[in-house]
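Summarising the annotation, Swiss-Prot assigns Cu(2+) binding site to His19, His102, Tyr187. Annotation source Swiss-Prot lists O2 binding site at His176, Gln185. Annotation comment: Swiss-Prot describes 245-254 as compositional bias 'Polar residues'. The compositional bias 'Low complexity' annotation in Swiss-Prot covers 255-304. The disulfide bond annotation in Swiss-Prot covers Cys72-Cys190, Cys113-Cys117. Here Swiss-Prot flags Asn150, Asn345 as N-linked glycosylation site. Residues or ranges marked as region 'Disordered' by Swiss-Prot: 241-310. What Swiss-Prot records for 1-18 is signal peptide.
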Amino acid sequence: MQLFTSFSLLAVASFASAHGIVTDISSGNDWWTLSNPFRDPYMNPVPDRVGWSFFGAGNGPVPDFTTKDIVCNQFAKPGKLSATIAAGSDLTFYWTVWPESHKGPVLTYLANCNGDCSQVQDPSTLSYFKIDHAGLEDGVWVSDKIIANNNSWTVKIPSDIAPGNYLVRHELLALHSAGQDLGAQFYPVCINFKITGSGNAKPAGVTFPGAYKRTDPGILVNIYNGIKSYIIPGPAPYVEGGSPGNSAEPQPQHTSTAVSTAKTASTSSLTTSVTITSQAPSNTANPPQSITTTTTPKPQSTNINPTSLKTVTTSLRREQLINLCLDDINRQIAAAQPKNGGPVNFSNIEKKREDCYKI
């Protein structure tokens, strides 16, 4: 029991400081908790979820977005349940605390499973059409807006979509290392849905891998040179009564729906009640009225550990050094986890995580 408790604290601490996952989703009065790679594998029995599991992947990015991992994350297995939602409804995604340095766009897709989504063994065989995206608008990254809105983002399910079983694919793309090949960091999650309604639209889609290219201007990009515009990867979102097309500037603006106070409070208590160190970012139930963005020096490496931090140039901000350190911790956590659960001793990793905050 002590091992599980220690590990749980380590996992949540890493959530609060580097990278992230979607923990919950909601629509109206309905709320669903998704699969958690740091918790669910160690529960007996392992709970059935509407979200696809990715045990062993941790909360870090997909290592190579040109592989099938880009669809639903590494080691992805279909959720055994499906959530029901009406076409035209809002759907809110609740992320763990997102690092301010991980600036980039948010993207959401739908794919018809052509049957029970829990029976889909290879999600790369499905066709995905985009229903929402947002990137850089008036100098503000959408990732900053997500942070300000208690680490949540709301999209609308198109009202004219034909009813059926759909996979919702939602992701954040972090661009802090995107100036180098394969440096863009994708954080995808897949969720099973049964969409109800009377629509008949069946938009054409794209496939993953393949929809994103290594040299796409929104993927291989230096965000530290004062860019004024940004081309979001993938196709343009489907418009009710219309059809998706190629993504090009100017990007359509996203109208975000505010998260209710009750749900915000629930998410806030989940992320703040287990914060271990004072340096870790904390969630807030009162988002700031204005958002400011800062131009920060580009991290010079994403492969670092606490013992080598003293050799890193001092031109980096302290929070960037902490992020680099925690990147390495996340990789160690993922490597230490057995794919199918089981006891693990994380004491050494916990010590290294504590050292990250002593920089």
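Glycine too: its Cβ is placed from the backbone N, Cα and C atoms.
Using a 10 angstroms CA-CA radius around Gln185 (O2 binding site), the recorded positions that qualify from Cys72, His102, Cys113, Cys117, Asn150 are His102. Asn150 (N-linked glycosylation site) sits 15 Å from His19 (Cu(2+) binding site), taking the C-alpha atoms as the reference points. Across the structure, His102 (Cu(2+) binding site) and Cys72 (disulfide bond) place their CA atoms 20 angstrom apart. Within 10 Å of Tyr187 (Cu(2+) binding site), judged by CA to CA distance, lies none of the recorded positions Cys113, Cys117, His176. A straight line from the CA of Cys190 (disulfide bond) to the CA of His19 (Cu(2+) binding site) spans 17 Å. Put simply, of the recorded positions Cys72, Cys113, Cys117, His176, the one whose Cα is nearest the Cα of His19 (Cu(2+) binding site) is His176. Of all the disulfide-bonded residues listed here (Cys72, Cys113, Cys117, Cys190), it is Cys113 whose C-beta has the fewest other C-beta atoms within 10 angstroms. For His176 (O2 binding site) paired with Cys113 (disulfide bond), the C-alpha to C-alpha distance reads 34 Å.
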